[in-house]
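These notes concern the structure reproduced below.
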């Protein structure tokens with residue numbers, strides 16, 4: 001029996017899960033197994049929809065541009081893309097023509113039919129596709145090809161190879177898709193390879209969902225951290241320094257400093273010990289850690305130094321990660337089970353050679369500072385440490401205003417190459433799954449998404465406009481304890497290998513800065529705002545009164561000042577609204593007499609005749625409690 005028979009009468013089912021494998025409905029169900037349905041509007045269903053849409057995109061391009069050669073075309077978080085080698089770059093007009101052709105293919109109801117073939121057969125069928133041949137030559141003996149079959153004639157209209165699964169036919173795609181933009185990329189991300197055109201699109205289960213997504217995209221343009229960073233004078237990325245290397249200006253520096261100081265305090269409260277490591281090291285360390293083997297393409301080239309002490313000199317590298325250094329700290333002295341868990345933290349700056357096309361503002365940079373930590377634990381304390389790390393993550397992100405999450409669990413692909421025994425992987429995966437489920441958060445599986453050295457869980461956080469960002473990772477490592485010969489002495493006096501956990505709660509301060517800038521649309525909560533209080537005198541006669549009041553804030557380390565400019569008051573207010581100052585105070589004659597001020601908020605609401613002590617207490621409470629204050633109602637809630 002296949003999936004079509006098993007789910008007959010279920011028009012909403014587009015694929016199935018059996019033995020933790022995603023399968024086409026056309027595949028046979030193993031004897032004694034009961035498959036789970038995958039509906040179109042489920043997370044897996046949307047992934048399959050988008051993957052099928054990528055195939056239709058490629059078919060449309062090749063039907064219009066006969067010279068187009070195929071690269072790869074996966075689904076993405078909200079859509080899909082496909083890479084093409086073409087003689088001329090695609091334009092916006094090209095995308096409209098391609099999209100029209102896609103709709104024609106969708107309405108023709110072509111079936112997606114899977115067939116497993118050997119490498120020789122695949123080589124023959126894709127003999128005119130050089131990029132596909134490169135992939136075929138690097139694959140195992142067999143691979144699956146999906147054929148688009150004409151509904152009337154039964155002839156093959158197009159084909160591509162991939163794991164699948166796919167929708168039963170193109171008709172299931174519907175009309176809720178759109179091509180969004182095109183960019184230039186290098187084949188396999190390597191600048192030594194040919195340049196290709198990457199066409200992006202999005203696809204959804206309904207027209208309403210598509211419109212909602214496109215509306216969010218337009219909103220995202222308004223809150224783009226690159227745009228706001230320039231408007232608010234937060235940071236820049238000067239060409240003189242190089243791609244992906246950021247300068248934080250005074251205001252941006254204040255925000256980042258507040259972010260770092262609070263995160264450091266919370267880490268200390270959670271029992272982490274801060275260490276520091278250099279930015280460069282000899283080649284030997286990264287050979288020992290395996291980074292040169294597994295991560296070398298993402299590292300900056302070496303610097304040959306120390307020829308005065310050695311005729312050949314030594315290769316030094318900018319560090320891409322902090323973990324090898326922390327393992328040296330662990331191994332610097334004998335360790336007992338009494339010292340574990342050992343939590344080593346570092347706000348360490350690392351350098352990664354991202355391709356120029358992948359760099360994106362502060363969200364993807366070449367120089368980044370990670371809120372990095374490595375936990376060395378016994379097997380007995382491993383589960384508790386992972387649970388604590390996850391709880392700490394959720395709590396800390398909540399303090400910065402992110403409070404909606406789901407957890408992704410990345411496990412290994414059974415066919416891949418991995419370090420560690422099957423028993424170790426099964427144990428670690430079980431613990432991560434248990435901790436994730438015990439958290440009460442929604443969980444999603446990411447089969448095959450684990451790194452070669454261990455499974456991981458990642459926290460995906462939802463921002464104010466509905467986008468999810470991968471924020472925090474908690475990653476098990478079977479690799480470094482083995483490579484660095486790490487051990488501790490247990491109760492019986494025997495040497496045991498510690499379990500090592502990598503975790504970064506923000507990913508990097510640069511990326512988290514970008515996320516918060518867009519989440520708050522530049523209107524940071526008062527505790528993070530570079531300028532927290534600005535006081536405006538109606539006339540110069542009111543300056544001494546405001547100076548006296550504003551001076552009180554300095555004892556609380558609150559950033560407050562009096563504006564001495566001679567501009568008209570309405571103009572000043574408009575200027576500070578544009579700068580997104582959380583608290584704008586105004587004082588005139590009546591305020592001097594009554595010892596009050598007027599306080600204006602970002603949305604234009606205000607409170608007049610507010611006693612200065614009450615104003616002071618409210619501002620201090622807003623900052624101390626890390627509350628977002630946009631309106632009078634927000635401020636009133638703090639005063640209650």
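Residue numbering: from 1, along the chain as shown.
For all residues, glycine too, the Cβ spot is worked out from N, Cα and C.
The region 'Catalytic' feature in Swiss-Prot is assigned to 224-525; the stated evidence is sequence analysis. When pLDDT values are averaged over the region 'Catalytic' (224-525), the model yields 91.
DSSP gives residue 502 (Zn(2+) binding site) a strand state. In sequence order, 323, 372, 373, 374, 473, 474, 475, 476, 477 are the residues of the chain that are 6 or more apart from residue 502 (Zn(2+) binding site) and have a CB within less than 8 Å of its CB. As annotated by Swiss-Prot, Zn(2+) binding site applies to 323, 374, 502.
Other residues of the chain with a Cβ within 8 Å of the Cβ centroid of 323, 374, 502, the Zn(2+) site, are 321, 322, 326, 327, 372, 373, 475, 477, 480, 500, 501, 503.
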